[in-house]
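Since the structure comes first, as structure tokens, the remarks are kept for the end.
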Amino acid sequence: MANRSEEAEYESDSRPSHQVREKEGVIDLVLKRPLRWLRMLIEELHWSFFFGVIVVYGVSQGLGKGLSKVGTQYYLKDEQMVQPSEAQVYVGLIQIPWIIKPLWGLLTDVVPVFGYRRRPYFILAGVLTMLSMMVLWLQKNLHLALALSCLVAASAGVAIADVTIDACVTQCSISHPTLAADMQSLCGMSSSIGSLVGFSLSGVLVHLFGSQGVYGLLGLTAGLTVVVGMLLKESPSRSLGRKHVNEKFLDAGSAIWKTFQYGEVWRPCLFMLLSAAVSLHIHEGMFYWYTDAKDGPSFSKEAVGSILSFGAIGSLVGILLYQNFLKNFPFRNVVFWALSLSVLSGFLDLILVLRINLKLGVPDYFFIVVDEFVSHMISRIKWLPLLVLSSKLCPAGMEGTFFALLMSIEHVGHLLSSWGGGVLLHALNVTRTQFDNLWLVIVIRSLLRVIPIGLVFLIPNVDPNSTILPAEMLVNRRREAVIETEKIEMTALISSEA
């Protein structure tokens with residue numbers, strides 16, 4: 001009896017300690033481990049690099065994307081009164097500055113302004129976006145052509161800032177190859193958290209201030225990009241003559257051509273182009289159905305913004321899953337399974353449009369939230385390994401240009417998919433008031449997603465810690481990266497020496 005009582009007492013004493021350990025484990029996983037990870041990145045890469053990533057990816061792209069997407073959707077639908085197929089084409093048109101990202105990258109790499117290669121381009125990007133947004137905000141009844149010009153110009157500003165920070169990320173990936181995946185996760189997390197905040201506020205802000213008022217807010221946030229340019233400490237380089245600049249352009253073209261001759265480079269580029277092109281975008285058709293269809297859910301502006309915010313949460317979860325469980329797996333395996341899940345998730349829209357979810361007793365809002373969450377999570381898991389792979393394919397001295405070129409290839413694919421989706425919506429007569437064939441559009445879109453699965457053999461079957469380019473190019477890249485890292489570093493205006 002005494003032994004039993006002692007055992008019971010021991011169990012009662014050990015149970016709380018076990019619960020304490022479980023609680024500490026959860027805290028370590030949710031809070032302490034991410035903080036340790038962020039601190040490690042700040043120490044290894046410098047806090048100013050961290051600040052630049054947060055501003056450009058988190059505020060300019062993440063928050064800006066969340067506010068501008070909803071604002072532009074309502075602006076085109078309610079202010080410009082365009083059809084969903086037209087809106088789909090115009091959304092693709094706005095992305096054209098991202099297609100010519102290699103031009104911005106080439107300028108930042110070989111054409112210094114007043115002796116500086118990075119600072120002027122950050123400042124230019126911020127000013128261009130600010131001016132464009134202010135025109136959209138202040139001018140009422142703006143002609144469609146002028147409105148689209150302002151949207152394209154603002155997109156160009158964000159693209160220029162993106163290219164400039166991409167060059168910094170790529171340089172750090174070269175000088176710290178073991179942190180390449182971590183840096184892409186940091187960039188993705190910044191973008192996703194910014195998008196979450198932007199989408200969460202977008203519907204409320206559009207309701208309160210209108211779509212044009214949201215553009216005014218975006219003009220103000222663009223000022224932070226100018227701040228990044230002002231905080232960039234960069235040693236001025238010697239002014240180059242026109243002849244020398246032309247030689248640099250020729251050298252850049254030669255380096256790019258030489259790099260593309262490697263199968264390990266052009267094959268994944270071909271995959272990114274084809275897989276993006278055949279994955280047709282029909283977002284505008286679905287948006288019009290959400291808000292205007294008689295038998296649809298008729299969501300308010302606030303509801304649309306909150307739904308998209310769950311997509312940002314899904315994207316963030318995808319980043320966390322990749323960072324914690326998938327980042328050491330071979331690129332090809334991760335992309336293959338993500339593509340397979342993407343095919344299945346595409347049919348969730350079909351269940352919604354055919355109203356099967358209501359027959360099963362599932363409310364529209366809940367079903368759409370789940371759909372948005374799952375699709376963005378899968379998309380992020382599919383895209384992250386391709387980003388890490390791209391950062392490992394850049395030749396020496398041309399990091400910004402070549403990485404921008406790789407990203408522009410993917411944006412060409414997205415442009416084709418956006419315009420292809422617009423053509424499909426138009427061909428099947430999906431309009432502002434007619435949605436009878438939207439289900440068929442979804443079926444065709446989902447079936448086309450099968451094609452990229454057959455193309456995954458184009459992706460190198462190596463893990464993120466492996467080298468891809470030849471050894472002589474890697475040696476040169478690391479030497480250039482060390483020199484560049486010493487020359488360019490984002491620090492505060494008031495240094496610790498002051």
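Glycine too: its Cβ is placed from the backbone N, Cα and C atoms.
All TrEMBL annotations are machine predictions without curation.
According to TrEMBL:
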TRANSMEM  45-67  transmembrane segment
TRANSMEM  87-107  transmembrane segment
TRANSMEM  119-138  transmembrane segment
TRANSMEM  144-165  transmembrane segment
TRANSMEM  186-208  transmembrane segment
TRANSMEM  214-232  transmembrane segment
TRANSMEM  265-283  transmembrane segment
TRANSMEM  303-322  transmembrane segment
TRANSMEM  334-356  transmembrane segment
TRANSMEM  402-425  transmembrane segment
TRANSMEM  437-459  transmembrane segment
Stretch in 186-208, 214-232, 303-322, 334-356, 402-425 most in contact with the transmembrane segment (119-138), if contact is a CB pair under 8 A: 214-232
Within-chain partners of the transmembrane segment (45-67) [C-beta distance under 8 Å, separation at least 6 from its ends]: 38, 129, 158, 161-162, 164-165, 168-169, 172, 176, 179, 183, 186-188, 190-202, 205, 214, 217-218, 221-222, 224-225, 227-228, 231-233, 308-309, 312, 489-492
Seg_contact(the transmembrane segment (334-356), the transmembrane segment (437-459)) with at least 3 CB pairs under 8 angstroms, min sep 6: yes
Range from 186-208, 265-283, 437-459 with most C-beta pairs under 8 A to the transmembrane segment (303-322): 186-208
Feature contact check the transmembrane segment (87-107) with the transmembrane segment (265-283), CB under 8 Å, 3 or more pairs: yes
Leading contact stretch, 214-232, 402-425, 437-459 vs the transmembrane segment (186-208) - CB distance under 8 Å: 214-232
Long-range neighbours of the transmembrane segment (402-425), counting only residues six or more past its ends (CB under 8 A): 84-89, 91-92, 95-96, 98-102, 104-106, 163, 166-167, 169-170, 255-256, 259, 269, 272-285, 386, 390-391, 393-395, 441, 444-445
Intrachain residues whose Cβ lies under 8 Å of the transmembrane segment (214-232), provided they are six or more past its termini: 48, 51-52, 55-56, 59-60, 63-64, 67-68, 70-71, 75, 118-123, 125-127, 129-134, 136-138, 154, 157, 161, 165, 202, 205-206, 488, 490-493
